[in-house]
Amino acid sequence: MKKIIDFIRQNLIDFAVVLAGFFLLKIPYLSNISLFLNGYVVASLIWFALIRPKMDKRPFNLHRSYFYLFYSITLFGFFLAKIIVREIGLYASPFFIPITLLVLLFDVEIAIVTSIFFAIIFSLVFNLDALGFAFILTNSLLTALLGSRIQKRMHVARSALFVALFSMIFYLFQLHRVDINLMESLVILFIPIVFSIVSIGVLPFIEYASMIYSNVDLMELSNLNNSLLKLLSLRAPGTYYHSSMVANLAEAAAQRIGANAILARTAAYFHDIGKSKRPYFYTENIYEKNPHDELNPKLSHLIIQDHVKSGIEMAKRNRLPLLIQDVIPQHHGTRVQKYFYHKSKDMGEELSENEFRYSGPKPQFKEAGIIMLADAVEAAARSMKNPTAGRIKTMVEEVISGIYNERELDESGLTLKDLEAIAEEFTKVLFSMFRSRIEYPKEEIKKVINLAEDSLGQQNENEDRSKKDQASY
Ligand SMILES: [Fe+2]
Ligand SMILES: [Fe+2]
């Protein structure tokens, strides 16, 4: 009994949503209470069998907003479909908007199970015959499957076109070729196109309000027109270059293991965004004297650690996607800043490792884990002298094994098999990057400009020294 009460308590919102969804469909027929109750039980059973398990995973477990957005779209879907069927007709693709939004903002699995749920409940409530049920089910499933291929806004219209053609064929098929209504045919053909425009139009508002982004808009975030990236490229060009390299590595690795490559790429661009606040303290931006030479190691650690805090603040202020906000602290997890820890030890200070630890949390999803690995590998690659394929491979294996042994990846969902595939991808990307640095054959060129002798001498000296340190912070 206690278990049942706990289950109801934990899933109270789910029950409320099922009830509300059913209520929205049943409003004119409330007189038949027993039918209503039976329907409610059926709806709940389908909900928990089909949909609930799909929601018990990341990122639903990280952010309540994912539940709220899912519930809002589902309820809105019930309500809208009811109006469309009543005002336009069954063959007007009533679930196009909610299913398209679900596949764009969540994933194709969730969109598919919701399609099945919608079809069964809708058929029960509207007493649809087998053909009606088959239409709603296949129409919604087709919307979900086509939606999973959407990468640009225009693809939503393409998906609508296919759904419209499918509806038309189904409509003509069920008429037995007797009474084709031209007006009705035109509406069936054009209404999904109108729905695609509504979906595209409403998407940015949903994303801004919920901070849950589709891949279409994640991709747009990563271009240089974004004010945060522009600021980073101007104030901390070294960090911007580093972030671009991390993005290349993370994208390739995510693609290989079947994680979200677009999320990995975009989050990598923003992972060190906090460094634009005090860029001159970070090794990739140090061209003159290293300010840490004159600072106590503990103070250096606090300054370096501050890029995480500043990054989160900037990301929140600019309403960046929730998962990108998560990557900012998670790309360092609870790792120790070894360079400053050893410096402190060498100075005879008796501070423990924990004093030089980032405050975490550890990566909570695969893409965050990949970015942690790509970040460390990129830093180590920059300090490599005379890289060869063998040296790159050994370095990648050592960096990834080190992080794994520190148990930083325990909560990321990455398996050892994933790590092997990631290491292979990192090695390939780094090797192709290093290989492209071919020396051009020298040509006699008459110089027309001459820089002063010492203008770069001092800078090069400092660069060499900082390169040795950069893998550490
Ligand atoms: Fe960082
Ligand atoms: Fe970084």
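Note: Cβ is positioned from N, Cα and C throughout, glycine not excepted.
Marked as compositional bias 'Basic and acidic residues' by TrEMBL: 462-473. Summarising the annotation, TrEMBL assigns domain 'HD' to 239-380. The region 'Disordered' annotation in TrEMBL covers 452-473. Residues annotated as transmembrane segment in TrEMBL: 12-29, 35-53, 65-85, 91-108, 115-136, 156-173, 185-206.
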Can you tell me which parts of the same chain pack against the transmembrane segment (115-136), counting only residues 6+ beyond its ends and a CB-CB cutoff under 8 A?
21-22, 25-26, 39, 42-43, 46-47, 50-51, 77-78, 81, 85, 90-91, 94-95, 98-99, 143-144, 167, 170, 174
Cβ contacts under 8 Å made by the transmembrane segment (65-85) with residues that lie 6+ beyond its boundaries:
13, 17, 20-21, 24-25, 55, 59, 92, 94-95, 97-99, 101-102, 105-106, 110, 114, 118, 121-122, 126, 191, 206, 210-212, 322
For the transmembrane segment (156-173), the distant same-chain contacts (Cβ-Cβ under 8 Å, at least six residues beyond its ends) come to 91-93, 96, 100, 135, 138-139, 142-143, 146-147, 149-150, 180, 184-185, 188-193, 195-197, 199-200
Express the predicted model's confidence over the domain 'HD' (239-380) as a mean pLDDT, rounded to an integer.
93
Per DSSP, what is the helix/strand/coil residue tally across the domain 'HD' (239-380)?
101 helix, 2 strand, 39 coil
